[in-house]
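A.B. asks: Dumping the structure here so I can ask a few things about it.
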Amino acid sequence: MTNILSPEKIENDQELPIRPSYLQEFVGQQQIKENLSVFIKAAKSRNEHLDHTLFYGPPGLGKTTLAKIISNEIGGNFKSTSGPAILKAADLAAILTNLEKNDVLFIDEIHRLNTAVEEVLYPAMEDFELDIIIGEGPAARSVKITLPKFTLIGATTRLGLLSNPLRDRFGIPMRLNFYNTEELKKVLNRASKLFDIDLTDSGSEEIAKRSRGTPRIALRLLRRIRDFAAVDGKSRVDKEISDFGLNRLEVDHIGLDSNDYRYLKFIADNYNGGPVGIETIAAALSEQRDALEETIEPYLIQIGLLQRTPRGRVITIAAFEHLKMPIPNQSHHQFNIFNENE
């Protein structure tokens, strides 16, 4: 699922020129920044490596950026890979043996590591040792290789899919949360200076309110609104051109697009608001379950239009009101579901 409001990184996203390099430049996630600053200073004062760190939460909130910032702050090299790219234990061994002291190894989508790779990672994280089997059959022998003290940073949008043994080996787990409007305005204002865009306060607020609490989406929308302004002969991005451009992009006043409406209307029209299983929704909308769970559902839940329950997905009364649809008489089913969870 690729669209203007996807929190996933897409090919034409230009984040590198505006990516902050140090914690003091990073906007939002204040508690995470403050805690990381303490942990980094403490590790440096003891001349130790930073504890292995796990960032989790919806996509587009800055997990990769924070990993690079940590690397800059502790003065190590930054090595990046992803769970799907490490197919076998030998792939991980090759990466680990090329690390130096204080290096940061960033593994995106770490929940997608297979079991064989995880088994190699455990002693590397705990004891900084790598067990390698040399030879085959009766002649095979195990050789231990000592690794330099490095910091592993994992990132995942699906914490529940991370195995317990792997999750427990991270000394610093941190959840990234959606941004509020004021934080997104700061992100946009910083980017507008780097992109040389004349962005007014009302323009940045309009874009921020419709960016689904996600900096990556806000920056993408800013670039598209700049295009509308340029073609319309406007030298600045104000509220008027922002509203015009966002309407053309079919982004409504709370950040919903056609995919969100398809999702909500399917449950409203066919299941009277729910509950309905995610597999049924995915099949009906011809979408992958993962795409719905990572791209659409988190924001709908955040703004109170959707709930996940043991019996399936349920849209709220607020969702019916936003869709301008009559609230079904059976709306008491939502309260029955809450009671089951108590």
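Counting starts with 1 at the first residue shown.
Including glycine, each Cβ sits where the backbone N, Cα and C put it.
Just lifted these from Swiss-Prot, have a look:
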type    : residues                                                                                 : note
BINDING : ILE18, ARG19, GLY60, LYS63, THR64, THR65, GLU126, ASP127, PHE128, ARG169, TYR179, ARG216 : ATP binding site
BINDING : THR64                                                                                    : Mg(2+) binding site
BINDING : ARG289, ARG308, ARG313                                                                   : DNA binding site
REGION  : 1-179                                                                                    : region 'Large ATPase domain (RuvB-L)'
REGION  : 180-250                                                                                  : region 'Small ATPAse domain (RuvB-S)'
REGION  : 253-342                                                                                  : region 'Head domain (RuvB-H)'
A.B. asks: Please give me the CB contact count at 10 A for TYR179 (ATP binding site), counting all chains in the structure.
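C.D. replies: Looking across every protein chain shown, the total is 25.
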A.B. asks: Over all shown protein chains, what is the count of other CB atoms within 10 A of the CB belonging to PHE128 (ATP binding site)?
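C.D. replies: There are 16 such Cβ atoms around PHE128 (ATP binding site).
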A.B. asks: I need the most crowded of these binding-site residues: ARG289, ARG313. Count other C-beta atoms within 10 angstroms of each C-beta and give me the top one.
C.D. replies: ARG313
A.B. asks: Over all pairs in ARG289, ARG308, ARG313, the listed DNA binding residues, work out the largest Cα-Cα distance in Å.
C.D. replies: 14
A.B. asks: Report, as a single number, how many Cβ atoms besides its own are within 10 Å of the Cβ of GLY60 (ATP binding site).
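C.D. replies: Step by step: centre on the Cβ of GLY60 (ATP binding site), count other Cβ atoms within 10 Å, giving 28.
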A.B. asks: Measuring Cα to Cα, how many Å separate GLU126 (ATP binding site) from ARG308 (DNA binding site)?
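C.D. replies: Between the alpha carbons of GLU126 (ATP binding site) and ARG308 (DNA binding site) there are 36 Å.
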A.B. asks: Measuring Cα to Cα, tell me the gap between PHE128 (ATP binding site) and ARG289 (DNA binding site) in whole angstrom.
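C.D. replies: Each residue's Cα considered, PHE128 (ATP binding site) and ARG289 (DNA binding site) end up 37 Å apart.
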A.B. asks: Can you check which residues sit near ARG308 (DNA binding site), meaning Cβ under 8 Å from its Cβ, same chain, 6 or more apart in sequence, and list them in order?
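C.D. replies: The answer is GLU297, ILE301.
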A.B. asks: Between the binding-site residues ILE18, THR64, GLU126, whose Cβ has more other Cβ atoms within 10 Å than any of the rest?
C.D. replies: THR64
A.B. asks: So around the DNA site, ARG289, ARG308, ARG313 aside, which residues have their CB within 8 A of the centroid of those CB atoms?
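C.D. replies: Neighbours within 8 Å of the Cβ centroid, excluding ARG289, ARG308, ARG313: GLY277, ILE278, ILE281, LEU292, GLU293, GLU297, GLY312.
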A.B. asks: How long is the line from the C-alpha of ARG289 (DNA binding site) to the C-alpha of GLY60 (ATP binding site), rounded to the nearest angstrom?
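C.D. replies: Pair distance, Cα basis, whole Å: 19 Å.
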A.B. asks: Would you kindly give the Cα-Cα distance separating ARG313 (DNA binding site) and ILE18 (ATP binding site), rounded to the nearest Å?
C.D. replies: 38
A.B. asks: Measuring Cα to Cα, tell me the gap between TYR179 (ATP binding site) and ARG313 (DNA binding site) in whole angstrom.
C.D. replies: 24
A.B. asks: How many helix, strand and coil residues does the region 'Head domain (RuvB-H)' (253-342) contain under DSSP?
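C.D. replies: Here the numbers are 55 helix, 9 strand, 26 coil.
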